[in-house]
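Trainee: I have a structure here, written as structure tokens, and I will follow up with some questions on it.
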Amino acid sequence: MAAATASTQLIFSKPCSPSRLCPFQLCVFDTKQVLSSGRRRHVGGSGVRCMAVGEAATTGTKKRSGYELQTLTSWLLKQEQAGVIDAELTIVLSSISMACKQIASLVQRANISNLTGVQGAVNVQGEDQKKLDVVSNEVFSNCLRSSGRTGIIASEEEDVPVAVEESYSGNYIVVFDPLDGSSNIDAAASTGSNFWIYSPNDECLADIDDDPTLDTTEQRCIVNVCQPGSNLLAAGYCMYSSSIIFVLTLGNGVFVFTLDPMYGEFVLTQENLQIPRAGKIYAFNEGNYQLWDEKLKKYIDDLKDPGQSGKPYSARYIGSLVGDFHRTLLYGGIYGYPRDKKSKNGKLRLLYECAPINFIVEQAGGKGTDGLQVLRLQGTEIHQRVPLYIGEEVEKVEKYLA
């Protein structure tokens, strides 16, 4: 690979087959320009730009040491051939997986590339933006734009949804959090990206007609993005930890892919994942205990009581929704971020945090709730917050809160 300047990174470059999707194509990142820019936009010139739309359709199944390795791309193509998804959605998902690979590399090299710490800006929700928040948002946005298959994209880091330029525009809407748990970056703890995908819908509860600050395009974006989780076509997340894990559901089960550093491909490692029953782990931020409702306090206190079994629940909390939920998905138990006296509506965002992981957990045999099923809620604004309890023990906490 050709040498790059200190501020420019060349990631996942590999020759491209002339047929259909490519295994890797060159994405160039000028991180200095991205971090120094004001209003974030689709960067041309020497900024962040993604020239890839997906992974290889021609690599097929790789075999190693007598085991058959099925890549994410070959798995997506099988879903397409079976009529589960169409070719356009295959390209969108491939573009998302490419963005995740690039973000994984940026996260792993954050200390080397001076991408730790805050950017000095505040996002629409009043949160200090980390440098990697800004760069990851550009990576995700531009990979989706360059796929040519997305019409509207909405991000945690943007004030309003963005309509993709007409020359690149497609049919799908993608809502995403480019880097969940970014407060963990400096400590090299787990972070992740999550997303969901659906088709346009002209019905929305958002009252935008009287807002003079939104132009026609932005109004159309909001109308299309505010949809109930039951309209989802696909949802997933990518966790950046000791392994890079890509979890995906198309509404027909939960499938787990692990990034193989030898091939640079996501490889299928678990299929039709089901959340274990009778898990003994709870994940709540108990630093907020004094702010909780008395009913919730009683529930948590009872989890700590050994009872007749002599085995109390174990507390595990990372502070990254993706990391905490992934552990809950594998080991069972419950994850919760309730409303409290400080955050009366909860803290997690419905559209790009709660709804996607709730869709995943229901496909895995679990449940998510805020008192109603989160999957059925329809947002009234892009960054709407809701409380969340999710896992395989949700009915128990519902009884306490009733």
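The backbone N, Cα and C atoms fix where each Cβ goes, and this holds for glycine too.
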Trainee: Looking at Mg(2+) 2 binding as recorded in Swiss-Prot, which candidate out of Glu156, Glu157, Glu158, Glu218 goes with Asp177, Leu179?
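Mentor: Candidate in the recorded Mg(2+) 2 site: Glu156.
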Trainee: Given that Swiss-Prot assigns Asp180, Gly181, Ser182, Ser183, Asn285, Tyr335, Tyr337, Lys347 to the substrate site, pick the one from Tyr198, Tyr299, Tyr317 that the record assigns to that site as well.
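Mentor: Among the candidates, Swiss-Prot records only Tyr317 at this substrate site.
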Trainee: According to Swiss-Prot, Asp177, Asp180 bind Mg(2+) 3; which one of Glu68, Glu294, Glu353 is annotated to that same site?
Mentor: Glu353
Trainee: Could you tell me which of these binding-site residues, Ser182, Asn285, has the greatest number of Cβ atoms within 10 Å of its own Cβ?
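Mentor: When each Cβ's neighbours within 10 Å are tallied, Ser182 tops the list.
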Trainee: Taking DSSP as the reference, which of helix, strand or coil describes Cys221 (disulfide bond)?
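Mentor: Where Cys221 (disulfide bond) sits, the three-state DSSP reduction gives helix.
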Trainee: Run through the Cβ atoms and count how many others sit within 10 Å of the one on Asp180 (Mg(2+) 3 binding site).
Mentor: 28
Trainee: Do any of Glu156, Cys226, Glu353 (recorded positions) have a CA within 10 A of Asp177 (Mg(2+) 2 binding site), and if so which?
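Mentor: Checking Cα-Cα distances against Asp177 (Mg(2+) 2 binding site), the recorded positions within 10 Å turn out to be Glu156, Glu353.
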Trainee: For a quick check of packing: other C-beta atoms within 10 Å of the C-beta of Asp177 (Mg(2+) 2 binding site), how many?
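Mentor: The answer is 27 other Cβ atoms.
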